[in-house]
Structures are given as C-alpha cells and as structure tokens.
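**Q** Okay, so TrEMBL annotates it like this:
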DOMAIN    48-296  domain 'G-protein coupled receptors family 1 profile'
TRANSMEM  33-55  transmembrane segment
TRANSMEM  67-85  transmembrane segment
TRANSMEM  105-127  transmembrane segment
TRANSMEM  147-170  transmembrane segment
TRANSMEM  208-228  transmembrane segment
TRANSMEM  249-272  transmembrane segment
TRANSMEM  278-298  transmembrane segment
Amino acid sequence: MEFFNSALGRNITFVRPAYFIISGFTGIPNVKFYYVFVFFVYIVSVVGNIAVMTVISLDHDLRTPKYIAVFNLAFTDLFGSSALVPKVLDTFLFNHHYIPYNDCLTYMFFCYSCLSMQALNLVALSYDRLIAIIFPLHYQVKVTHRFMFSLIASFWVFVITVTLIAAGLLTRLSYCQSVIINSYFCDHGQIYKLACNDKTPNIVIGRLLPLVILWIPLAFILCTYLYIGYALSKVATVQERVKAFKTCTAHLSLVTIYFIPILVTFTLSAKIHPNARIINLSLTSVIPPMLNPVIYVLQTQEIKVSVKKLLRIRKQSKITVKRVKMTISV
C-alpha cells in the first residue's frame with residue numbers, strides 16, 4: 001500500500017478516465033459471426049465443465065487427490081469463461097464498447113486470475129502424475145487430500161495476490177490522451193500502454209507475469225515428464241512405459257492446447273497484427289475450457305467408467321420407479 005500511495009506525499013494527481021473503450025477487431029467485415037462462434041463454444045464449455053464437476057461430486061470413487069485438481073480445473077474453466085465471454089458478447093454483439101474505469105480493472109482481475117490458475121492447475125496435475133508413476137508405493141502418503149487442497153489453495157492465493165498487484169499498479173497511472181483499448185477485453189498490457197506518466201513498474205510486472213505464470217510452470221511440467229521418461233527407460237519394459245504414459249495423455253493434451261497458443265502470443269506480441277493477437281488470445285481463452293472436459297471424458301478411464309456407472313444407476317432407478325407405479329396402479 002505504501003508503494004501505491006507514495007505519490008500522495010509528492011502531491012501528484014492521477015488522471016483517471018471515467019471509462020475505457022474496448023475496440024476489438026478492426027477492418028474485418030461480418031466479424032459478429034466470430035462472436036456467435038465464441039458463444040456456441042462457451043455453451044459447450046459450460047455444459048462440459050458442469051458435467052465433469054457433477055460426475056466427480058456424485059461418484060465417491062473419484063474423490064481422490066488427483067480429481068480434486070481436475071475438479072478445480074473444471075471450476076476455473078467455468079468461472080473464467082463466465083467472467084470473460086458474456087461481457088465480450090455484450091461488448092461486440094450489442095455494441096456496448098464503453099466500460100467504466102473500475103469495472104474494467106475488475107474485469108481484468110477475474111480474467112487474468114482464471115487464465116493464470118489454469119496453468120497452475122496443470123502444474124498440480126503434473127506433480128500428481130510424477131508421484132503416481134515414479135513413487136507408486138508412496139503415492140498415498142505423498143499426495144493426500146490435505147496436500148492437494150493445500151496446494152490448490154496456495155495457488156489461488158498466489159494468483160489473486162499477483163493479479164491484485166498488477167491491477168493496483170494500474171491505478172497509479174494517468175491517462176491523458178487515448179482511452180481506446182486495442183483488445184477484446186480489459187487487457188493489462190494494452191491498458192498500461194495508454195498511460196502518459198511513468199509506467200516502469202507496470203512494464204516490469206507485465207514482463208514478470210508471463211515468466212511466473214507461464215514459463216516457470218511450463219518448465220516444471222517439462223522437467224517432470226523428462227524425469228518420468230528417464231526413470232521409466234531405466235526400470236520399465238516397453239509395455240510398462242506405454243501403460244504409464246497412457247495415464248498422462250489427457251494431461252499432456254491439456255498442456256499442449258493451453259501453453260502453445262498463449263506463449264506464441266506473448267512471445268511475438270510486438271510482431272503480430274492486433275487482429276491476429278485478438279484471435280489467438282480469444283481462442284486460447286475459450287477453446288481449452290471447451291476441450292478440457294471432452295479430453296478427460298474420452299482419455300481418462302476412471303471418468304468413462306464413472307459416467308457409465310452413473311448412467312446405469314439412473315436407468316435402473318427409472319425402471320424401479322416405473323415398476324412401483326405399475327404396482328400401485330394395479
């Protein structure tokens with residue numbers, strides 16, 4: 001707080017606009033069809049993630065440390081999509097491009113918190129796979145419910161703290177010229193670039209965030225799988241290696257569809273066209289939340305077994321109800 005309020009002692013007045021204007025795409029005809037596509041992706045994402053959360057909640061066999069992380073991933077996807085997509089649709093389909101200053105910072109906070117948490121969720125799942133494959137006899141001791149809850153909670157605290165710092169630093173900027181944000185939402189980098197006073201702390205946090213939220217988690221995940229591959233090559237047969245890696249295919253798919261597009265965008269942000277940046281970032285924000293539940297249902301044996309079991313129980317309960325009704329009518 002002392003850092004944020006340091007300007008008070010120097011009698012500096014910050015010029016804050018009443019609102020920002022979110023520009024979105026420029027020069028693309030019939031762009032509203034793209035946002036209609038985003039809407040349908042969002043619907044699939046909501047249905048899929050609610051389904052995954054429901055299955056995990058109803059099946060006691062899935063109440064394991066691993067599925068605590070999977071449940072949190074589905075919750076983060078659902079929450080993040082719901083924080084972003086409805087506002088995007090309201091902005092561009094109904095031409096509400098103006099957004100109040102405080103609302104914009106709040107919007108940015110929720111979007112960045114969920115986007116960052118997705119990466120840390122993948123870290124938690126990679127650690128789970130590491131212990132399950134390399135130390136299977138110690139898995140029940142090392143990866144407990146308490147440990148996974150604590151890990152997920154600490155990630156949330158970290159993400160919220162870092163995002164609050166980024167949002168807080170924006171409040172010490174003055175905006176004396178343009179208030180047009182060249183993005184599809186209240187994008188941190190595009191907001192601080194509009195400032196006309198010293199924005200060095202914002203530039204620093206803008207470069208630090210991708211390192212802490214993206215590059216370090218990705219490095220941890222890659223090191224995890226390199227170690228898994230090395231360990232399996234020393235002690236396992238070919239069949240055992242294939243069997244072990246099959247348990248990782250869902251997680252590796254999630255890592256690929258999340259990290260590659262977003263890292264390309266952040267690495268080449270200064271070189272790619274603003275429209276290409278918006279497409280890449282928007283698809284990165286909505287496609288992984290849609291695909292994550294599909295991947296886990298199709299590639300995770302426990303989820304498939306659980307879904308079949310729940311459907312069987314529901315079918316049997318319907319048959320029982322019908323029989324009871326027939327007995328009563330007779």
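Numbering starts at 1 and runs along the chain as displayed.
Note that Cβ sites are derived from N, Cα and C of the backbone, with glycine treated the same way.
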**Q** Please figure out which one of 33-55, 105-127, 147-170, 208-228 racks up the most CB pairs under 8 Å against the transmembrane segment (67-85).
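**A** Ranking 33-55, 105-127, 147-170, 208-228 by Cβ pairs under 8 Å to the transmembrane segment (67-85) puts 105-127 first.
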**Q** Okay, the transmembrane segment (208-228) and the transmembrane segment (33-55): do they have at least three CB pairs under 8 Å, pairs separated by 6 or more?
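**A** Between the transmembrane segment (208-228) and the transmembrane segment (33-55), which are separate recorded stretches, there is no contact, as judged by 3 or more close Cβ pairs.
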**Q** Taking the transmembrane segment (208-228) as the reference, which of 105-127, 147-170, 249-272, 278-298 gives the largest number of Cβ pairs under 8 angstroms?
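**A** Out of the listed stretches, 105-127 contacts the transmembrane segment (208-228) most.
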**Q** Take the C-beta pairs under 8 A between the transmembrane segment (278-298) and each of 105-127, 147-170, 249-272. Which stretch has the highest count?
**A** 249-272
